[in-house]
């Protein structure tokens, strides 16, 4: 088999894995957009904040130590204990629920019925705010996140493919575990929204706010719920990206990676987010591999957007979005 | 009492259709112009020019541009940063290719170039609407920044990949480069912002502005009553691009002096200008100025408070600045979603009745 083809195969596989991670972030967007019509730019920063909190709890960091030290002249840094990963994840999930409640109670309750762009701007404000809080609470240095996921090249795939094709594929163990976790997460979300009372209520709200309200569903509760779920999804995304490239500011930029995925898949469709993520992941890796060297590389930043843009010109509501019907 | 239409008789058509038909508005406008042109240039120093006035005037121009697109025509754009970069690179190429030509010609030319580029990126707006369009403009943002980084022709093959503005003058007065006097920087920005505001104000009052607003309020209904949506949207993109290009050209040549595209014209800039427009008030020229002033003064003020008064380390102050500006934006949106311009409108309404409350 020609080598170029094998390289391309490897690139596609890696693209699929990256696509899963994009889809994970996009999922958080879709959940909130469906349930409340808020285009939540802060999703990426939520992932960063969740990852920072997780690392902070695991290492027993003193929150706000920096500002306390600067104000009172103390030398606080660590509590001196280590929290096991699982407990830390549960605690962080708890923090995200509190965060969801705060956001709902103090921001979006006051902005009900505002125009979408105002809500969007509010989430950008929230993103700035949360970024500042995260840095202030846990410090802005790059942190290593290790929750015990396997890392490094997968030997088995390397050996098997080498025996089969004479060329060993390089697949990161972390990507494989991310894919498995993502599959479980999506399955859990589907089961939750199809078979539980709250899940049904959530779908009802997504369908029609007023009708849901009139049959006695509490919008406030649903919105807190959906922000909590989005917070949890952000936590998972934060763990995966954080384990991959360290917990640092650039983690919040994955929100920008998720936007073209959303455009492609449609803002209101969960399957769209997943399929869109995979298409973008494969598309940009393949483009960088085939065309990138000819135009100077680093095409990954914009290719996804241009792909989504071209796609939208032919199908304005995205791949799986609801058909846009306009009336005067 | 002060602000009223009553008793202000117009006896000719030009009087009736002047830019500011109400006396109070007109005198206020003359007063602002007089202070800006005749008072401030004599008192301005380097700190005030670089920290407050020059960025304020430049961002006000950009905000006017974005306001025309987003506030008047309803097309949300997140590509402002990159469009400013187009203006900056256009003026850089013009300045280096034709050194003897005055900046007063180069800057509008850069605006025209930007208008062309923005119109091309505005084409998808004919098919795509709302947030899909907003995200689509991000394509412009990332693509253009990448392009300016990767094609050496744009930065004249300089080793650092940066562009730096050479010394150029207007009527013998140096306006760009490191030897520029504070008042010269201020004046050139002021001239362009005055023109931009005047043009924008009159465009939005006229038939083209009404078409934009019809498209904003409901594009299908507008189409039915005879507004050509393609023309309306594309002219909005072009006019907006023209002003944003001028702002970008001034931002690079007068304010920064040297620029690296990813740093100076990144997505942060897009959001910053969008914040100015939202906080100032969508669909208001005055709002563009108010929003620009607010967003320029806020960091200066916060830095002075945190570092100057409380004596905290600068990195801590930077984090707090994020928190406070993010928080203020949210508070502002909750309290007054229509922006500072709405506060001004309310104040005028009060003035109209004062001192009798009914």
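Using the three backbone atoms N, Cα and C, a Cβ is placed for every residue, glycine included.
For reference, TrEMBL has these:
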| type | residues | note |
| --- | --- | --- |
| TRANSMEM | B:27-44 | transmembrane segment |
| TRANSMEM | B:50-69 | transmembrane segment |
| TRANSMEM | B:76-95 | transmembrane segment |
| TRANSMEM | B:101-123 | transmembrane segment |
| TRANSMEM | B:130-148 | transmembrane segment |
| TRANSMEM | B:183-200 | transmembrane segment |
| TRANSMEM | B:237-259 | transmembrane segment |
| TRANSMEM | B:271-296 | transmembrane segment |
| TRANSMEM | B:316-335 | transmembrane segment |
Top stretch among B:130-148, B:183-200, B:237-259, B:316-335 for CB pairs under 8 A with the transmembrane segment (B:27-44)? B:183-200
Note: vs the transmembrane segment (B:271-296), the recorded stretch with the largest number of Cβ pairs under 8 Å from B:50-69, B:183-200, B:237-259 is B:50-69
Stretch among B:50-69, B:130-148, B:237-259 sharing the most Cβ pairs under 8 Å with the transmembrane segment (B:183-200): B:50-69
Would you mind listing the long-range same-chain contacts of the transmembrane segment (B:50-69), meaning Cβ under 8 Å and 6+ residues beyond its ends? 40, 44, 75, 77, 80, 84, 182, 185-186, 189-190, 192-193, 196-197, 200, 203-204, 212, 236-237, 239-244, 246-248, 250-251, 254-255, 272-274, 276-277, 280, 282-285, 287-289, 291-293, 295-297, 300
In the same chain, who gets a Cβ under 8 Å from the transmembrane segment (B:130-148) while lying at least 6 residues past its ends? 75-79, 81-83, 85-86, 89, 117, 121, 124, 154-155, 261-262, 265-267, 270
